[in-house]
Amino acid sequence: MLSNFLKVNSKALGHIRTFASKSGEIKHNFKKADTYLCDGPSDSTVTNKDELISFFTEMSRFRRLETVCDGLYKKKLIRGFCHLYTGQEAVCAGLESAITKDDHIITAYRDHTYMLSRGATPEEIFAELLMKETGCSKGKGGSMHMFTKNFYGGNGIVGAQCPLGAGIAFAQKYNKTGNVCLAMYGDGAANQGQLFEAFNMASLWKLPVIFICENNKYGMGTSQKRSTAGHDFYTRGHYVAGLKVDGMDVFAVKEAGKYAAEWCRAGNGPIILEMDTYRYVGHSMSDPGITYRTREEVNHVRQTRDPIENIRQIILDNKIATEDQLAAIEETVRDEMEKASEKAIAAPLPQARELFTNVYLQEVPVRGVEFVNSFKP
């Protein structure tokens, strides 16, 4: 978890705490969210040195995690599907800061950073990607099927996680927990019929679910302009309120997330958040990402809207830290991820008997299973 990371690496951050203690509160303005059937949050917030350093560190960890994944895949140590989150870090960091660990998240196949934000260790994530027994799913889930407490994956079927998210929210309402569920999906899933069915049932039963469309502009290699008749995804719930948010500004995401969580906890039912974001990489590792868009387009977003660079600039402008101090944080993050990947590479593969675990909750009476049972622990 980030809190533990900051404690362990207090040496690298110590000078920053001392230097920044004089700066106090900092007001940050961002693009106001477009609204539909609701008022929406403010277009400004007050932050401080601790939150700024925390966001910078966490998003740096997200990006370095995915950079290491990219390298492991190219070395053919990671096999199969692998979808990276590079460029979209502000969405994950901002939403996580807007809710509690008792709240729930379910997403699609770009799930590595959500595992990290929910409390999994980098080693558990890398080990799962490498199909090792120390992985978070014991090597059986791979890139798309990672799970930890109050995080339900990683789902490989486009849009299928949204009805599940409504179901998780139904459980919260039924059990009167007061918690909410974030159901993440991309613009490529925004036309799936099951999504609209989930909108309907969630609205009918006023379920505490926040449907979050991470609009990174491309569903695989198809631009949203070529696949969707209506581009305002935050209005497509018809009777469900919605917001369109600058998904590259972590504070805009945080404030929208807080507004949405309060909306749901107040018993208003579901709400849709459309995150205007961008992925720098291809759809998956098998996609170079430049056959359907130009390098100039990608570089323009990197240079003008990068979420980590935006935070870096706020920190420098307000004299929270120096370039050297931020570089020290990044170096610590690199070391953390490299060491975690080395441990994951060295970890053993799962035993054959692991194939037969976690299949049924209770023993199932089946004849002729002596051979299979011989592999069980």
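Using the three backbone atoms N, Cα and C, a Cβ is placed for every residue, glycine included.
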**Asked** Swiss-Prot has Tyr109, Arg110, Gly156, Val158, Asp187, Gly188, Ala189, Asn216 down as binding thiamine diphosphate; which of His238, His283 does it also list for that site?
**Response** His283
**Prompt:** Applying the rule Cβ within 8 Å of the centroid of the Cβ atoms of Asp187, Asn216, Tyr218, what extra residues of the same chain belong around the Mg(2+) site?
**Reply:** Gly186, Gly188, Glu214, Asn215, Lys217, Gly219, Gln224, Tyr278, Arg279
**Request:** Let me know how many other Cβ atoms fall within 10 Å of the Cβ of Ala189 (thiamine diphosphate binding site).
**Result:** 20
**Request:** Work out how many Å separate Gly188 (pyruvate binding site) and His283 (thiamine diphosphate binding site) at their Cα atoms, rounded off.
**Result:** 11
**Request:** By CA-CA distance, flag whichever of His83, Arg110, Val158, Asn216, Tyr218 among the binding-site residues is nearest to Ala189 (thiamine diphosphate binding site).
**Result:** Val158
**Prompt:** So which one is it: of the binding-site residues Arg110, His283, which has the fewest other Cβ atoms within 10 Å?
**Reply:** His283
